[in-house]
């Protein structure tokens, strides 16, 4: 294994490294947080350190790591302490969301409050604690994991199943009889807070109360991990394709359109994108704790200034951006609120824009409903449409990523079949990371690799743990969902393989999923079509047999940013209805099928939305389609050709030819990988 957070010389100006002690294997693999690097300028900025590898000391820590994904934590004392604090503050029900104050999907360990109080470590879920009950709500991806991790104090709410209440409904029901509900206002959006408050009152509750001190933090006490404070670095024009000055100009045009005085930027990836900066405060996501305020004539970045080197400071100054401490944000929003209140009654009220994902606390600090408009972030919309530099970077990095995966799958088959090696899921994932690290501009993983054999593949977000995971069974389906961060792009790919002889049922299931992937990949649709409208294309072949999967079909992907990026996606979420796909979007196409206790199948490619030529243009609209950039073949022995149409076979042949062409030169002298690639891409 060679696991590191590497900073190629073409990506950074200067780097120095240090290796901390991780508490578990998954923490160690989370290179963005747990392998922090000191990014400092050298006397000659052009000279850099290429990469950082783990020391033998780190290997020892990895081997000693605990099995955090299946361990049940006794939460009795934690709940008792929380309930004591609730009583002191006259709170009958306390809500603990998963998010941090920036609405991040992936969070720093210091913000893992829901995991701490409940013991459930999945990325999605909400805990609700009353004075005598506790409930944890999560979606279908995590039913199995939550069932294993929650102790007897907790009731699992399986969100999405018939007759199962949402956490909001459960909370409102429990509030009957005048009970008060409390929440940290930095961890909930105004829209969710307003609706929850209304639902509580409809059920006879006292309403939702903002509790400005986080009660879980008080229970956590000195054991709570410190907030990360890793260095921030500049992403050059070679990778960003657009300067901060231009991005600020475009944002100010949006302020003019909406007649707003300022936009308060609260999403970490939006701050990073706007200022062409990257960090490593959040696991797998190259972001850093920060806010920003952009007015018609100023821009201010709120960040711990000690994280910025001279190059970053100079870049910000050249692009008209000031720097203030991270903790000054709420003080300055209150100044804006007071300025807005001072306008005369005859004037139209001053309006400030915030993202519809911004916190309730931020809206309150800016003056509330009168002075705040919650909007779909104009930065998020702009970020989702990649420029040509970013798109070309995505194409390039996926070729390199594909080379690493092809080499890995050939190696894994050889180890299991020819050498009869006994490899567990983590050992295999370690080797994949090693192969990726050998590629140019590799920085780290984009999420924890899902290396899963047999029944583990049916756990949609399964995470193997060192010393407590399964040995890969060559006679069972193997599902590998993985991704990487490169300076020129972010990857996310899933392939499902079989190293022995699959059953007819397994081949049929795999082929139905593959047909759905092809159907969506080849779809042509008018501009203005949303991912909501396209979702059924990927499910249609499963539906014919009464089958389905409990996750979305696709999500947006950042450019050397978050692997899950809004506002676009393909699925049945209401949010996707109002956001049409547009040329320049990059998103995943990943249908699947899962049999609990047996196996999981998922096939995932990343694709660019682009304009396509059609014979006609009804409605004088451009028509759009997809350009897939993932360069990894499908498992030949799992494909039942009898279920494929000739068009689907032609598509596979064209795709395989493209993969072989792009892999030219990558495996010179590597007979094992070359033979594997030729076999898996042989014509149908």
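Placement of Cβ uses the backbone N, Cα and C atoms for every residue, glycine included.
When 506, 590, 627 are compared with the Mn(2+) 1 site residues 492, 604 in Swiss-Prot, the one appearing in that site is 590. Matching 481, 596 to the Mn(2+) 2 binding residues that Swiss-Prot gives (492, 604) identifies 481. Secondary structure from DSSP puts residue 604 (Mn(2+) 2 binding site) in a beta strand.
Cα to Cα, residue 604 (Mn(2+) 2 binding site) and residue 590 (Mn(2+) 1 binding site) are separated by 4 Å. Under DSSP, residue 481 (Mn(2+) 2 binding site) is assigned to a strand (E or B) in the three-state scheme. Residue 481 (Mn(2+) 2 binding site) sits 10 Å from residue 590 (Mn(2+) 1 binding site), taking the C-alpha atoms as the reference points.
For the pair formed by residue 492 (Mn(2+) 2 binding site) and residue 590 (Mn(2+) 1 binding site), distance between Cα atoms is given as 10 Å, rounded to the nearest Å. If you take the C-beta of residue 590 (Mn(2+) 1 binding site) and look for same-chain residues 6 or more apart in sequence within under 8 angstroms, you find 494, 517, 551, 553, 554, 602, 603, 604, 605. For residue 492 (Mn(2+) 2 binding site), other Cβ atoms within 10 Å of its Cβ number 24.
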